Amino acid sequence: MTWRSPLALVRDALRGQRARENELRSLESNLPYEGLEKGKQPNRYFPSNAIKTTKYSLLFFIPMNLYEQFHRLANLYFVGLVILNFIPEVNAFQPEIALIPICVILSLTAMKDAWEDFRRYQSDRKLNNMPCFIYSRKEKQFVERHWKDVRVGDFVKVVCNEIIPADLLLLYTSDPNGVCHIETANLDGETNLKQRTAHPEFEPESFNGILVCEKPNNNLNHFKGYVEKPDKQKVGAGIESLLLRGCTVRNTDHAVGFVVYAGRETKSMLNNSGPRYKRSKLERRLNIDVLFCVILLFTMCLIGALGHYLWLNAMPVVPPYLVPPTSGQLDRPSLTSFYMFFTMIILLQILIPISLYVSIELVKIGQIFFITNDIDLYDEETDSRIQCKALNITEDLGQIEYIFSDKTGTLTENKMVFRRCSIMGTEYPHKENAINLLIKETEVVPDGKLFQKISRTSSGSLSHSQKTDAYLDFFLALAICNTVVVSMATTKRRRVSRHRTFTEDSEENFQPSGQTEGVDTTGLQPCSPHPPSLSDEPALTSDNLRYEAESPDEAALVYAAKAYGFTLLSRTPDSVSVRLPSGEVLDFEVLDTLTFDSNRKRMSVLVRHPITKEYVLYTKGADFAIMELLGTPYPGNGNKKNIATVTQRHLDCYAKEGLRTLCIAKKVQNHTLSYLPNAMAAIENRERLVMDTAVQLEKNLTLLGATGIEDRLQENVPDTIQALREAGIKVWVLTGDKPETAVNIGYACGLLEDEDLVINMGCKDKITCTNILDCTLEEVRRYNADPRNVDTTQNMSLVIDGLTLDKALSPDLLDRFVALVKHCRAVLCCRVTPLQKSRVVKVIREKLKVMTLAVGDGANDVNMIQAADIGIGISGQEGMQAVMASDFAISHFKHLKKLLLVHGHWCYTRLANMIIYFFYKNVAYVNLLFWYQFFCGFSATAMIDYWLMIFFNLFFTSVPPIMFGLMDKDISAEMLLGVPELYKTGQGEGDYRFTTFWVSILDAFYQSLVCFFVPYFVYQDSDIDMFTFGTPMNTSALFIILMHLSIEIKSWTVVHWIIMLGSVALYFIVTLAYSAVCVTCNPPSNPYWILQSQMEDPMFYLICILSTVVALLPRYRVCHSLSSVGLKIFNCPEFWGSRQCYFSLMLPFS
């Protein structure tokens, strides 16, 4: 290795940074540079394929982990107090003792972080050492290497069922049509196969072009690049030619690709951002109360410092027990009191609960365990349970006020059934499909009248005119205009063994130029240009075909065409084969496919008809996207306006029935446009150029007909929405469907009711939108001002389309729109885009300051899910993009009911009560030390041994509150589901309110006063020592704090008894042992045999019993009175007729 100067290294690093940050990068093949040093490699500036997701290294783990933990202000606070305790002038007790609590907390957290990082290290090592095959110019073949050895510019070979190691530009496949099938489940959860197309005329050693591509990004659905040949010809490359790292090759023997992105620059790694971190509403409130505790602590310390100053000034002479420092002179009272301020901070530091944050994390982990193991949230059909991905917002489930839901696949099953169609103005109802509720999307019963017409048209040998019949074109469009992948239902996804043996008569190997024939030492099947033999596979028939579609709509249309005899047999990037009812097979040449996008709202396929040789464009899409593009009518079928009008009438009827509608159209032209290759080869503005090309093609269309597809409601959706409404949650539905379809589903699912005043906002201009908003708001104000409407709300719902929503969300109308929807029971947004969905969620969350939840099942719901406080994905028929972007994932919409009303309520009340109890416990205990200062000259002296003080919070009283936060049930699950109104206790301020916190703090002050002054008055005028006075006080404090928790616990189990009694037993065992062996553990104090002597004195038991009873009597009386009132109301005959009465009286329990 040659020596390089530091300046050259810096210069090379800067060049590498510029190369990686450029918007475009040029990549060359590594083969001509094989064996050269790294400095001469053309792609040396780009990262290798090795990945590293660990946060720490073995050498720097301790400093890096401490740096990470010190980002928490609480840890910095306690470390600062430990450092302060090492200063002789202000230390309260032995500095080493002060280190114990923070060291325990930091050590436990470090052990958890180390274990998590070690698991990441093991995962990285496993991935980096996975085998793969890289082409070697020296060995003239693919050789086995590891994933970490792959570099940008290499040629990599992947075989069937193998995971792709890096992002590859597909150059060659074993399929004769140049198609490679991949499964992207590891990236987006979709298990349906996707096709990728190889670039023609490329072989490893003869590859002398330059690949120009965009900078790496995390968009899984887009890639822009082109290959520039030596003759400057550019061949465009898009996502349809890119094999992404993490995908799995299926049904393809092998494929060869050029490495475009490697390692951390691959799209899968750029999407791997790790677990999401969201701060819950309760956590934000907790931080405010910690600040109040800091203020309270400083106030108490200031009182202590001032008291010490007054005490010193009140002394006529210096007492003998005040020992001067080495200088021989006592400090001035003002300086001494200044020091005492910091000493008091050290003494009273446990007022800030050091273990609270760790306890909260443990409780949340336990809550997630209970949620994921709830059998009611398990889906037996898919063998899936609820997934919790955001570990720190479980309590937010109990505070939701607004739910934003998608419709298709969320409220409905997203299992499409072909119900009705209209062809050239004639409607065919398909009544059999409507009657049979159990029919599957693969089972379409043809309409008798339409089937007879198709049979007559297609009988015998078809003439040229019959080949262009409108009915045949309609079903050809259903079969062709899609991206469905055809496979055989009787054949499983093909698996290829990694190691194979070959005979001498094997098929001819695919060899790069210059390669000599020989044995493939990789153990893989050689790349062959011929298809593998399918002699062992069953014959291809209509009965064993299987269609894998990216959306259920496409599959339903293809199965409908198949039911009428138009069977899609195969699809390649360049052709599609359809069997007609007559048995004749037509092979269409595919010239171009314009995929669906949210702007055009349609997709098209341009083919060459095999008989007429015409260029035919088949298009399907939303009615408004097709109707505005209509041109000439179908030959021999009259006026296009009449057909369009009748078809639109049919579409409106379909929508009112809740069916999903699509328009089908075609266009015949004598030539094809040559714009697309130029558009695909462009890097800048590629999307706009492709869109312009699509617009050029998709105009002057001929309407063929329309379809109506049924998407049935999921089970128990109306019951779930009704329960959520009773719980005080407003439900919005945001969908891309027609308003008529959405309204029909709204009534079916109970979102809209017959007695509702439904406001339909469909405005073409902003002035009309403004007038509707103003008039409606004025009507709401009049209704609220009417004395007859006191304590009532108007049942008002809003239906608004996407165009009107854009106007309503404009800055000058936004406040009026928010004011209107605030009074609506339900809002139904139709024809909205994914960006509009997310914007609506953000507007409501920010303007109304409410807790929001978004639920969806598709990729178009991801923005909405991520914009809400809680995002829930439903694992449905549209892949797993929504699930992967969500905080929680469920199988059905009905699971929301128990997730929110039961688990959400429990998680919130448990955590809120635990946090309040934590503050109470620490304030009550630390006040004992504070009251003692009034009798010891505010000298920061403690009447309890320092070690026992540490053990008190670290061991004796640490487990019961965690158990309380994990297992307490203030109300049973049956009651929460039966009376959804109980959920309202968590909304708004909820249980964890400003008043609740301060009432608990005042109760802690009262109990500490009782706990201190009962033994004080008992031992008054006696000659007992300091620890003899403090031991019964410490024991009484334990009983009071644990008995206080016993009053708060609503449901007792064996675990509760074990932990509570175990804490008491642990206290006595540890304290007795400590008193027996620790003679001078904390000089000059002497805690030896203190508790043993106390337990021999009856006065000790009297103090403990009296202090506990007097301290807890007020709280017990209040809780007992509230319980009696609640039971009386629960048992009254009018209870079930007036839930609101019960709800209002049950509020104090939470």
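Quick reminder: no glycine exception, Cβ is built from N, Cα and C everywhere.
Per TrEMBL, the feature domain 'P-type ATPase N-terminal' maps to 42-97. On the 0 to 100 pLDDT scale, the domain 'P-type ATPase N-terminal' (42-97) averages 84 in this prediction.
The transmembrane segment annotation in TrEMBL covers 286-311 (among others). Within the same chain, residues 74, 333-334, 336-338, 340-342, 344-345, 348-349, 351-352, 915, 919, 923, 930, 933-934, 937-940, 997, 1001 sit at least 6 positions outside the transmembrane segment (286-311) and bring their C-beta atoms closer than 8 Å to a C-beta of that stretch.
TrEMBL lists 338-360 (among others) with the feature transmembrane segment.
Its own atom aside, the Cβ of Asp861 (Mg(2+) binding site) has 31 Cβ atoms within 10 angstroms in the protein chains shown. According to TrEMBL, the feature Mg(2+) binding site maps to Asp406, Thr408, Asp857, Asp861.
When Cβ-Cβ distances below 8 Å are used as the criterion, the transmembrane segment (470-490) is approached by residues 181, 192-195, 251, 421, 423-424, 450, 453-454, 457-458, 537-538, 540, 544-550, 554-555, 557-558, 560-562, 564, 566-571, 576, 578, 580, 586, 588, 593, 595, 603-605, 607, 618-620, 634, 637, 664-666, 704-705, 707 of the same chain, each at least six residues removed from its ends. According to TrEMBL, the transmembrane segment annotation covers 470-490 (among others).
For 509-525, the entry in TrEMBL reads compositional bias 'Polar residues'.
Marked as domain 'P-type ATPase C-terminal' by TrEMBL: 883-1116.
According to TrEMBL, the feature transmembrane segment maps to 914-934 (among others). Outside the transmembrane segment (914-934) by six or more residues, the chain places 282, 286, 289, 293, 296, 300, 304, 307, 344, 347-348, 350-353, 356, 359-360, 363, 940-944, 952-953, 957, 961-962, 964-965, 992, 996-997, 1000-1001, 1003-1005, 1007-1009, 1011-1013, 1033-1034, 1037, 1040-1041, 1044-1045, 1048 with a CB less than 8 A from a CB of the stretch.
With a cut-off of 8 Å between Cβ atoms, the residues of this chain six or more beyond the transmembrane segment (946-967) that come close are 93-94, 97, 100-101, 104, 350, 354-355, 359-360, 362-363, 366-367, 370, 910-911, 913-914, 917-918, 921-922, 925, 1034, 1037-1038, 1041-1042, 1045, 1048-1049, 1051, 1053, 1055-1056, 1059-1060, 1062-1063, 1066-1067, 1070-1071, 1074, 1078, 1081-1082, 1087. Per TrEMBL, transmembrane segment is recorded for 946-967 (among others).
Annotation source TrEMBL lists transmembrane segment at 997-1019 (among others).
For 1026-1045 (among others), the entry in TrEMBL reads transmembrane segment.
Using a Cβ-Cβ cut-off under 8 Å and counting only residues 6 or more beyond its ends in the same chain, the transmembrane segment (1057-1079) has close neighbours at 945, 947-948, 951, 955-957, 959-960, 963, 1035, 1038-1039, 1042, 1045-1046, 1086-1092. According to TrEMBL, the transmembrane segment annotation covers 1057-1079 (among others).
Annotated transmembrane segment per TrEMBL: 1099-1116 (among others), in sequence order.
The most densely surrounded of the binding-site residues Asp406, Asp857, judged by C-beta neighbours within 10 angstroms, is Asp857. On its own chain, Thr408 (Mg(2+) binding site) has Asn414, Arg660, Asp711, Thr735, Gly736, Asp737, Asp857, Gly858 as residues at least 6 apart in sequence with a Cβ closer than 8 Å to its own Cβ. The list of residues near the transmembrane segment (338-360) in space but at least 6 beyond its ends in sequence, with Cβ under 8 angstroms from a Cβ of it, reads 72, 74, 77-78, 81, 84-85, 87, 89-93, 98, 101-102, 105, 108-109, 283, 290, 293-294, 296-298, 300-302, 304-305, 308-309, 331, 911, 914-915, 918-919, 921-923, 925-926, 929-930, 933, 938-940, 942, 949, 953-954, 958, 961-962, 965. Taken residue by residue, the domain 'P-type ATPase N-terminal' (42-97) breaks down under DSSP into 25 helix, 0 strand, 31 coil.
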